[in-house]
Structure formats: C-alpha cells, structure tokens
There are 2 protein chains.
Amino acid sequence: MTQTPTARLMDGTALARRITEESAEAAAEIRRRTGTAPCLATVLVGEDPASVTYVRMKRARCRKAGIESRQVALPASVTTAELVETVTALSQDPSVHGILLQHPVGPHIDERAAFEAIAPEKDVDGVTTHSFAAMSFGLPGFVSCTPGGIMRLLDAYGVEPAGKRAVVVGRSAILGKPAGMLLLARDATVTYCHSRTADLAAAVREADILIAAVGRPRFLTGDDLKPGAVVIDAGYNEGNVGDVDFASAATRASLITPVPGGVGPMTIAVLLAQTVEAAGRQLGTAA
Amino acid sequence: MTQTPTARLMDGTALARRITEESAEAAAEIRRRTGTAPCLATVLVGEDPASVTYVRMKRARCRKAGIESRQVALPASVTTAELVETVTALSQDPSVHGILLQHPVGPHIDERAAFEAIAPEKDVDGVTTHSFAAMSFGLPGFVSCTPGGIMRLLDAYGVEPAGKRAVVVGRSAILGKPAGMLLLARDATVTYCHSRTADLAAAVREADILIAAVGRPRFLTGDDLKPGAVVIDAGYNEGNVGDVDFASAATRASLITPVPGGVGPMTIAVLLAQTVEAAGRQLGTAA
C-alpha cells in the first residue's frame, strides 16, 4: 500500500536564490564604495568531469551575483609543493578575497597541506582546520558551505535545534563533522554515526533532526525515521539521487529536503555570501 | 537494599605511574644524546589557589621524570597583549619544548588568543585550535591531555571503542569536545550531551562508554547507566567528588574510574609524555 507523502518540502532552490540576491546587492554596494568587486579564486586540479562542472557552476553563479572569479587550472600532475605555492600566492594576493580549492585534488597530493595554505580570512569554503575549530568553539570564522547551508535551511523553516536530538550520518571533514559541530553550537544533542556504527537504524530512529551525509544512494528509508523527523539529505549520488529514499521518507518526516533542489543549491549560496562577506572585511566596508 | 559493587576499577594512578616511568626513561635518553633535558614552560596568571596547586603538582612531576620546568608567573592584572607576547616568546625560544598555559586565566583576558600563541609543535597540553582539528581529522599532533588520558585508560583495560555507543556529557573545548572527537576517530558512535539536552537519562542509558565531563558533583548515578557500561568520570569537584555517584554506578558498570585516582593522574602523565615527545622531535632524537 502506498502512503501519501505528508512532509513539507524544504525548498533550497528558493532560499538559495534569496540569499544570492542579498549577496548580489552587497557585492554591488562594495563595488560602489570601493571601485572593486569581490573576487573568488577557484583552483581546479586536473580534469575530473564532476569537478570541472562544479567549478563552472560556481563561477557562473559568481558572475550573476556581480562577484568576479579568477580561475586557476592546474594539471593533474601538479605536486603538493606546487599546489601549496599557488594557494599561498592567492592567500597573499590582495585582489583575491576568497579561495575555493575544488576537491578531490588527486590521490598523490596532500590535500590537507593544500587546504591549510588558504588564509583563514579567505577561507570562504570553510575547509581549513582553523575554520573547523572556529565552528566547533563558536568563534568568528567562515563555515563549511554545505553545513552552513543546512543551518540556514533549518533556520528558514523555523527548526530550532536546541534540545533536539540531531543525528549526523557521515563524518567527513567538510560535511559530517562540521555539520555536527554547528548543531552542537546551537545546543542540539548530537550523535555522529558512520560506517562502523553497530545499530544504525536504532541511532537514526532517535533523530528529531537527521543529516544524511554518507554518499550512498537511498541508504536511509522512511522505516528508519522517527515520525515527524526533520530530514536533511546532503547526499548527491549518481542519477541525482540523495542518501535518503525520498518517497518513503516523505511519508514519515515533517520536513524534508528534496534532491536535487534542497541542500545542493544552498552550498553555492553560502559560498557566494561568504565571499562577499570576506571582501567586505578585506576592503573595509564590513558593517 | 544496598547492592554490591561489581564493576572493575580502572586504576589511573598505576597506569599514570607506568607512563611516567616510560617518559622518564625517554627524557634521560634525550639528555644522554643531546646534553639537553626536555623543558616544559608553565605559565600561570594570578594566584588562584587551585591553579597554583595544579601548576606546582605538574612541576613536581616534571622534576621526578627528569623534565625541566620553567615557571612564568604573571600578575592577575596582565593584559591579553602582554600574555600573548609572553607565550609567543616561549613559542620562539628553542630551549623550551612544551608550553602549558594554566587556565582559567581570568575573565578580562582573551583566553583563546593566548592559547593560539602556543606553537603547534609545543602545544603539549593540546589546547590550540590546530591541535583540536588534528584530533578531529586524525592528523598528527598533540591531544588534549585529559581526553588523551581517557583514551589510554580505555586501551589499557581492553575497551575497544569501534562500533560502541559512546556518550560524552559535557562539551568544553579542552575536555568534552576533544574526547568525543578522539572516540569518533576510533570508530565509536559518539553522542554529545550537555546542559540543554532534553532527556539526558535516555541518552546516557544508550552509552556503552560514558564520559562524564560536566563538572557537577554526583550528577549521574547508577540508575542512569546501561548495565555493563564503561564509566569514565572526568569530573573533579569540591570534596574530591566526581561527576558520577560512584557507589551506585559501581553496581551497574563493568569498568569504572574512581575519583580520585582515575582520570586525574592520567592528565599529568599525558602532559609529561607529550613534553618528552615534543622535545625528542625538536632536538632531533625522535624515533
């Protein structure tokens, strides 16, 4: 028997558009006051088709929002030292306000060393250890874009994390771990699950707020959910499929993000917003 | 009706002694090979009696282990800028291998700024954001001493975190948060609870491994525990009392740390071990 979806959709596309419009206004204001537009440097290593597409999308969104972007494309054969040198130069270049190093950068490269070459004040993608610790300790700094987008979605839909059980499935450095830390900073009771979790279904069923960030298509289903849970699907797998089986989850959740159109667009929106914020600070126009 | 304690004690005093003996041997070896003893700089602000006692204890243990210590005592009236300057000078001083900034440093001081002035390679107390991120991402670096001591206790008593539910009650930057991250790095399913957790008893009852790090005397009791849980009491409250009611918890737990004599001695042992390790690296004798 098919059940009727009862969950309300969390429309990431619409919210991202609103945030991007605000960023475009702020970017225009910076340009008006300083003569300089915010500038994001994008660093791409190799020609991985997904990475090429992501960078192209991000640059197109920048352009629409009045943010300049400077593309730095390096061959797949680049060494860690060369990549670190390139990123360091961008960190020191006053005409660049934000730096995006598109990952993955290739297995032969020390990705962490490359990330750490990004100056904290230009880390608009929130990938440095400095940014992670700032998120964890509630200090000023930029957030990882996808977790930051998740928090904005929760806020936009009136979901108050304080006192709620939040369960994060996945523990990557740029998604699961910072998402949990941001929720903890907002007073959620946070559980991290992962591939070694013994009884995942039991843990997921505790979630008032579920963050699926595991990268496996339709890995979680409606049966796993506590009725009324808020479901954030941060997965994006082949065939435009999330980590959550949408059809079954939508019959149990109270709120759910679609894939595509949920978390995905928010990631870029936060990247743009943080680039404009970084530019405002560096150019001395920050409010 | 009084129940008989059935839990096995985790003897932190004995384990700390063994680790300290190993550190003393390693310190002697460094001295033999380089003519220089490992040196820990301790920075104390003001005259808070507990802080004075802690620093004195740490220095006494250093002495016994053949580690030199250099005491820097600053008046309570010191400014953030002066404290940062002092710590920065120690970070640059090649005769100092490790730095301990005793906290609290006073409400008028930006403690985070002072911590961040500690060079990562001398952060033997594991308090910098760099060290926190390293713990979180499984990168090389020093751990926060109390969480590091907890992990060594678990290892010494054959407690394997992988796949277990670990619940950390408390989320401070030097205890709860890093303890959870170290457990997550060892593949536990980790839940952070805190003052805003709605149903603390339910969350605590999920714990195969419970870390009490809340700083409230006898806050958790045996009734809260899952039978057979491993209970690590990192609390140390007035009257030598932990965060866990020992008498009742010892009738439910399988393993439990006493207070005193559990986590407490381990903290200093890890501090000494990391100081010797730092000295070995800086003096070029690291294995």
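Glycine residues also receive a Cβ, built from the backbone N, Cα and C atoms like all the rest.
What TrEMBL says about a protein is an automatic prediction, not a curated fact.
Marked as NADP(+) binding site by TrEMBL: A:Gly170, A:Arg171, A:Ser172. Sequence annotations record features per position, and here TrEMBL assigns domain 'Tetrahydrofolate dehydrogenase/cyclohydrolase catalytic' to A:10-125. The feature domain 'Tetrahydrofolate dehydrogenase/cyclohydrolase NAD(P)-binding' is assigned by TrEMBL to A:144-282.
Contact annotation for chain B: of the listed binding-site residues (A:Gly170, A:Arg171, A:Ser172), A:Arg171 place their CB atoms under 8 A from a CB atom of that chain.
Shown in sequence order, A:Val168, A:Val169, A:Ala173, A:Leu175, A:Gly176, A:Lys177, A:Tyr192, A:His194, A:Ala213, A:Val214 are the same-chain residues outside A:Gly170, A:Arg171, A:Ser172 whose Cβ sits within 8 Å of the Cβ centre of the NADP(+) site. For the domain 'Tetrahydrofolate dehydrogenase/cyclohydrolase catalytic' (A:10-125), the model's average pLDDT works out to 97. Sequence-distant neighbours of A:Arg171 (NADP(+) binding site) (same chain, 6+ apart, CB under 8 A from its CB) are A:Lys177, A:Gly180, A:Tyr192, A:His194. In sequence order, A:Gly176, A:Cys193, A:His194, A:Ile211, A:Ala212, A:Ala213, A:Val214, A:Gly215, A:Ala234 are the residues of the chain that are 6 or more apart from A:Gly170 (NADP(+) binding site) and have a CB within less than 8 Å of its CB.
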